[in-house]
Amino acid sequence: MANVGLQFQASAGDSDPQSRPLLLLGQLHHLHRVPWSHVRGKLQPRVTEELWQAALSTLNPNPTDSCPLYLNYATVAALPCRVSRHNSPSAAHFITRLVRTCLPPGAHRCIVMVCEQPEVFASACALARAFPLFTHRSGASRRLEKKTVTVEFFLVGQDNGPVEVSTLQCLANATDGVRLAARIVDTPCNEMNTDTFLEEINKVGKELGIIPTIIRDEELKTRGFGGIYGVGKAALHPPALAVLSHTPDGATQTIAWVGKGIVYDTGGLSIKGKTTMPGMKRDCGGAAAVLGAFRAAIKQGFKDNLHAVFCLAENSVGPNATRPDDIHLLYSGKTVEINNTDAEGRLVLADGVSYACKDLGADIILDMATLTGAQGIATGKYHAAVLTNSAEWEAACVKAGRKCGDLVHPLVYCPELHFSEFTSAVADMKNSVADRDNSPSSCAGLFIASHIGFDWPGVWVHLDIAAPVHAGERATGFGVALLLALFGRASEDPLLNLVSPLGCEVDVEEGDLGRDSKRRRLV
């Protein structure tokens, strides 16, 4: 899959499926609305209209189903007819699975995605997850032939006209962002260390005409970034705080996306075991998603100030490693007693959000991280967990997740009950909870929030993506689509405007909004 290029076209054109294999994909009632005249040129002379209709009649999705149309060259596949209220109407997760299992092999292939216009964005991002970019398989390295998958959307429903050119460009940039994030997360730390991650940031900056701000190694210590420095100081490749900033004329508010970029997490001196350490190359998933989303957002036009803050470190073991009982002074000015070196993500993010607040003057701060294993217990493998000081933004995250396919579900926000878990006798707080049975994912997020203050008047959103950042052994690029959708109102792109949760449409009780002091407008 690493040598596969995705091409989004308004019309994929006609071709014999034996020369260009084909997958037709959609919900069954949508597939029945596709006229034979539209697919005939992609199936003939191998498939007749009678065979096409017969194939549709055999489909019985539970939750999915597929039927070969011609040998191994053409297949039609059906998505679930209905989804529950906490799932995406696009059935995005099933799209990825069906593409992986049903798309015929070949150098040049075609996917016809049949859906309604509001599901185009989520469907495209789901398709992209089926084509990871990273591989080191020796056979793959010998196959230098570039493969292409052409994607055509056939729209049904009210807005059933052809897909516009601007939409195709948005889909290309969004899916490039998803695949970029997944590639970074899939790459092992012997290649994707902090130096390499900075190269990725510089590459995106050069493409966008932005020079990144980079603070690293001893300068972090000198300037007071005790969280990032303390976590990464034992590693061969030094830690860093990097920032990409987009500041257009006419901006009315400032947004900061803060990503956790732990390129590898051994656990530090509180070391992980042999079964829990493998896979910790994925601990940079938050920073990877922020990079992919920032690239796509700026390419599509972003009307407000947007800063991408990357907190990069390798949590390693060595003579200079942070010890339990050490006390670090963080950028917020607060002291933290370390009682668990494996609770390192919150330390680097605490510095990141403090920087966003103090130096960038952000009105809205969103941090994204593979923060806690408990997230998968709290909200499962498919739904990220959201913790925020705003009822409005909590509802917006859930709605944006359903629109883009990166699903989200709320955690309990109650600092007056939970923050006492971090009580320290010798510092302002400890970095790990006293009671792991007391909503640990919520508590971990509250640790981050405490470094901008629970009384901070702006909007703070924390997204824990520990479980959905991967599916099996592969990264998903989770978070890119979510950020683009959640902040779609600030985009100049019509498709991102469409998938954004509009402020007036977010389902929050009127009483909640009346009491909510964090009423920054939904962008």
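Positions of Cβ are set from backbone N, Cα and C atoms, glycine also.
Summarising the annotation, Swiss-Prot assigns active site to LYS272 (among others) and lists sequence analysis as the type of evidence. Listed in sequence order, the residues of the same chain lying 6 or more apart from LYS272 (active site) and placing their CB within less than 8 Å of its CB are ASP265, THR266, MET280, ASP342.
Residues annotated as active site in Swiss-Prot, with sequence analysis given as evidence: ARG346 (among others). Taking Cβ-Cβ distances under 8 Å and a sequence gap of 6 or more within the same chain, the neighbours of ARG346 (active site) are LEU371, ASN431, ALA444, PHE447, ILE448. In three-state terms derived from DSSP, ARG346 (active site) belongs to a helical segment.
The Zn(2+) 2 binding site annotation in Swiss-Prot covers LYS260, ASP265, ASP283, GLU344. Under the DSSP three-state reduction, ASP283 (Zn(2+) 2 binding site) is assigned to helix. Long-range Cβ contacts of ASP283 (Zn(2+) 2 binding site) within its own chain (separation 6+, distance under 8 Å): LYS260, ILE262, VAL263, TYR264, ASP265, ASN315, GLY345, THR370.
The annotation Zn(2+) 1 binding site is assigned in Swiss-Prot to ASP265, ASP342, GLU344 on the grounds of similarity to another entry. Take the CB of ASP265 (Zn(2+) 2 binding site) and look out to 10 A: across all protein chains shown you find 27 other CB atoms.
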CB-centroid shell, 8 A cutoff, Zn(2+) 2 site LYS260, ASP265, ASP283, GLU344, site residues removed:
VAL231, ILE262, MET280, CYS284, ALA313, ASN315, GLY345, VAL348, ALA369, THR370
Using the CB centroid of ASP265, ASP342, GLU344 as the Zn(2+) 1 site centre, which other residues of the same chain sit with their CB within 8 A?
VAL231, ILE262, THR266, GLY267, GLY268, SER270, LYS272, ASP283, ASN315, THR341, ALA343, GLY345
So for LYS260 (Zn(2+) 2 binding site), how many other CB atoms are inside 10 Å of its CB?
33
Given a 10 Å Cβ-Cβ cut-off, pick out the one of the binding-site residues ASP342, GLU344 that has the most other Cβ atoms nearby.
GLU344
